[in-house]
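Per TrEMBL, these features apply:
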TRANSMEM  24-52  transmembrane segment
TRANSMEM  64-84  transmembrane segment
TRANSMEM  96-125  transmembrane segment
TRANSMEM  137-159  transmembrane segment
TRANSMEM  179-196  transmembrane segment
TRANSMEM  217-239  transmembrane segment
TRANSMEM  269-291  transmembrane segment
TRANSMEM  298-320  transmembrane segment
Amino acid sequence: SPLPCFSFLPPPPPPTLTPAVPHYVTLGLTVVYTVFYSLLFIFIYIQLWLVLRYRHKRFSYQTVFLFLCLLWSALRTVLFSFYYKNFVTANTLGPFPFWLLYCFPVCLQFFTLSLMNLYFAQVVFKAKSKYAPELPLYLLFLFISLVFLVVNLACALLVRMSSAETQTIVLVRVAINDTLFVLCAVSLSLCLYKIAKMSLANIYLESKGTSVCQVTAIGAIVILLYTSRACYNLVVLAVSNKKINSFDYDWYNVSDQADLQSTLGDGGYIVFGVILFVWELLPTALVVFFFRVRGAQPVLTAAPTDSLSPVAVFFFFVFFCTLPH
């Protein structure tokens, strides 16, 4: 039999793994994301200053919307500031900072959607010159908002403080969250449809510096974005046992669920930025654009939705007092 052939040459080096996206690209994208959120924060801050400058009502739907969006943009800016050098810290936060930076911004977006329902529902009732059921409406949307808040807070704490299966918690959370998003989007679409058919509502909106076309367009885009976001979440989680690489679902968790992604990746970062822009930054920017300050407020004899009623003030006060400290 032939003698075995031995080779004394060193083995070839193993192949070197390189990131899918160069470091300077991810760093540049992080800078872009941070700049976008910072600019939105500055713009909203200027709008709130203009409310005082032009002596608008300090507690109105406009100021509440702007304040919620200001808080949302501030939290997103703080989150991305971690990703310059401290991305490990950003992915290993304690229970409350984890909930505050990752989960609470989604709650704020849902609160703005609920407020949009209240705002346009009041326009519809006042245009009909009928009794506006303020208390039932406020109770309904307060209850829905509290359910959304409690579900997100409980799921975030379970992920960080218990050994429960993460996949099950995410499934429950996404199912409840996105169902409420879809229901509120459907309700908002009905309000916009009724407004488009009412001449008195058209007159009121035009007196506020906007038009039915603007309201319909902005509302339709917001509804489409939130509904597509919810449907995507539900579909992906429904087939989550299978391998899904087409849309980088793990990176979307950093944007919304933040439960299944523990370390930063490379290839999904660009997709992550697109998702942030389309499903987060764009709808929030549209809401801010609609409720921006349009100069000095004209004197109107019939401006039923300019300010919040005492009932609304009470329930919003109770709502914010229930937030965890």
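Glycine residues also receive a Cβ, built from the backbone N, Cα and C atoms like all the rest.
Contact counts against the transmembrane segment (64-84), taken as Cβ pairs under 8 Å, peak for 24-52 among the stretches 24-52, 96-125, 137-159, 179-196, 217-239.
Only pairs six or more apart in sequence are counted, and the transmembrane segment (269-291) with the transmembrane segment (179-196) gives fewer than three Cβ pairs under 8 Å, not enough to call it a contact. Same-chain residues lying 6+ beyond the ends of the transmembrane segment (96-125) with a Cβ under 8 Å from its Cβ atoms: 61, 64-65, 68-69, 71-72, 75-76, 78-79, 90, 131-134, 137-138, 141, 144-145, 148-149, 152-153, 155-157, 159-160, 177, 180-181, 184-185, 187-188, 191-192, 194-195, 198, 201, 204-205, 215, 219, 222, 226, 254, 256, 258, 280, 283-284, 287, 304-305, 312, 324.
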